[in-house]
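Before any comments, here is the structure.
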């Protein structure tokens with residue numbers, strides 16, 4: 001069997017040329033020493049994929065049952081919520097009594113902002129502020145809200161100049177109605193008026209937009225049932241800048257009704273005036289990012 005060449009430790013026994021040749025010679029590998037392939041640890045790859053899958057499942061669970069993103073495309077909640085705001089809504093905080101919850105729950109209180117199913121079209125979501133609670137006697141006089149005979153302090157309410165509207169500003173009224181009012185609500189409302197005040201039934205809430213002169217709310221379509229409430233906005237996680245108040249596109253111009261539709265954040269908006277946003281700085285309202293909703 002051929003042995004690997006070894007550089008001798010006694011160079012005097014070799015001629016200079018021989019020594020040089022031996023010093024440049026590489027050892028011959030022993031054919032009996034076979035190389036074994038290196039196997040990758042497949043279990044570690046599987047573990048990583050399994051962890052990723054668990055994270056995806058948890059994320060889907062949280063979005064489905066705990067929080068949900070929405071965006072604001074109309075002006076009826078200004079200036080609390082602006083056109084182009086993206087919200088995270090806590091679905092557990094407003095869960096009905098008896099429902100299994102993971103996060104702390106709280107009763108619906110006057111002044112709370114809520115997201116709920118549109119009483120007229122349950123496939124849509126609206127966002128408004130709770131003004132009247134079950135059992136309250138409510139009326140509006142010259143746009144100001146009175147609950148159980150007392151004027152309500154509303155630092156969040158905005159009154160933009162607009163033509164007088166008796167139905168909107170002096171609610172409820174038995175002898176006149178706005179053409180935008182839901183016919184079923186008009187009939188029901190008349191049966192709930194006592195001494196010029198609207199009595200709110202058990203299990204129902206009266207809601208208004210903060211932008212009082214440009215909001216389609218409980219004055220026009222009635223109460224919000226407790227079971228229709230989806231959740232309470234937690235935080236504005238992003239806010240897109242808007243430059244055209246008449247823009248009705250998905251970035252959130254006036255939708256023509258002031259309905260303050262809380263659209264799903266996954267909806268794809270289209271912009272009619274892309275040239276109006278010239279830089280990343282103009283593209284977003286960075287100061288509103290991560291602002292708590294109150």
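FYI, residue positions are counted from 1 along the chain as it appears here.
Cβ coordinates come from backbone N, Cα and C, glycine included.
These numbers come from a predicted model, not from an experiment.
The region 'Disordered' feature in TrEMBL is assigned to 1-39 (among others).
The compositional bias 'Polar residues' annotation in TrEMBL covers 1-21 (among others).
Residues or ranges marked as transmembrane segment by TrEMBL: 45-67.
Annotation source TrEMBL lists domain 'Peptidase S26' at 49-237.
Taken from TrEMBL, the feature active site covers 76 (among others).
According to its DSSP assignment, residue 128 (active site) is in a strand. According to TrEMBL, the feature active site maps to 128 (among others).
What TrEMBL records for 247-273 (among others) is region 'Disordered'.
Feature annotation from TrEMBL assigns compositional bias 'Polar residues' to 260-269 (among others).
Every protein chain considered, the tally of other Cβ atoms within 10 Å of the Cβ of residue 128 (active site) stands at 26. The DSSP secondary structure for residue 76 (active site) is coil. Cβ neighbours within 10 Å of residue 76 (active site), excluding its own Cβ and spanning all shown chains: 28.
Note: the CA-CA distance between residue 76 (active site) and residue 128 (active site) rounds to 8 Å.
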